[in-house]
């Protein structure tokens with residue numbers, strides 16, 4: 001999965017997919033009542049990027065729905081996964097469940113079109129704080145009470161705080177999550193980060209007792225760091241330059257081993273060689 005980083009304006013969906021992304025990451029900010037409000041990152045952000053592009057969250061969802069609904073004039077067949085980077089740092093811990101419920105209702109209405117031929121992309125809820133695990137239970141409760149528990153088949157999870165892998169496993173246990181787990185590791189492109197924790201995550205993914213299904217590394221903009229991440233065995237790379245990742249995947253060393261994921265590749269299944 002080539003994951004376009006910080007795609008917060010509707011116009012950027014086309015831009016990143018046209019550069020080679022089959023997945024995008026979108027920032028979601030919340031108001032003081034735990035309603036998802038804007039797709040917005042703000043300052044500071046990655047080096048070389050404009051930090052202030054934004055849409056109202058529900059409007060972004062409508063644009064995203066068009067981009068992922070077969071038959072729509074804006075449809076992109078290869079856009080198959082969306083990571084919502086949930087900026088829950090503005091919320092109190094006891095608002096996490098409400099945030100999950102409100103997020104689910106927004107998605108149900110504006111992205112899934114109330115279960116009637118909505119967008120088809122798989123969705124990852126990426127949460128920065130382990131203490132906010134109830135966002136997951138709230139999300140699930142809302143979809144169930146709205147009569148669409150089947151949409152949970154399209155939803156996966158990530159805790160993005162670079163926490164100890166054992167602590168992450170514990171948070172999932174509390175949330176009742178037993179699958180659909182992506183594990184991120186990374187740092188802003190302005191700084192360097194080694195691959196030690198990525199290797200631990202990959203080892204967990206590949207062990208019979210692990211909880212992780214997929215591992216992604218962020219934010220990678222250079223060819224050599226792309227090669228290093230691929231050599232470590234990641235499933236996804238988040239980038240500001242999807243074309244760079246696509247170029248490296250075309251190199252002879254990687255062409256035989258990796259390919260770009262399509263809609264038929266289940267993002268919740270651990271890949272077995």
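Glycine is no exception: its Cβ is also placed from the backbone N, Cα and C atoms.
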Candidate sharing the Mg(2+) site with 25, 27 (per Swiss-Prot), from 72, 85, 93, 98: 85
Under 8 Å by Cβ from residue 41 (active site, nucleophile), same chain, sequence gap 6 or more: 6, 8, 27, 51, 52, 87
Any further residue of that chain within 8 Å (Cβ to the Cβ centroid of 25, 27, 85) of the recorded Mg(2+) site: 5, 6, 7, 8, 26, 28, 41, 83, 84, 86, 87, 126
Top Cα neighbour of residue 250 (N-linked glycosylation site) in the set of recorded positions 5, 25, 85: 5
For residue 47 (disulfide bond), the one of 5, 25, 85 that lies nearest, given that the recorded positions are compared by Cα: 5
Residue 45 (disulfide bond) versus recorded positions 5, 25, 85 - nearest by Cα: 5
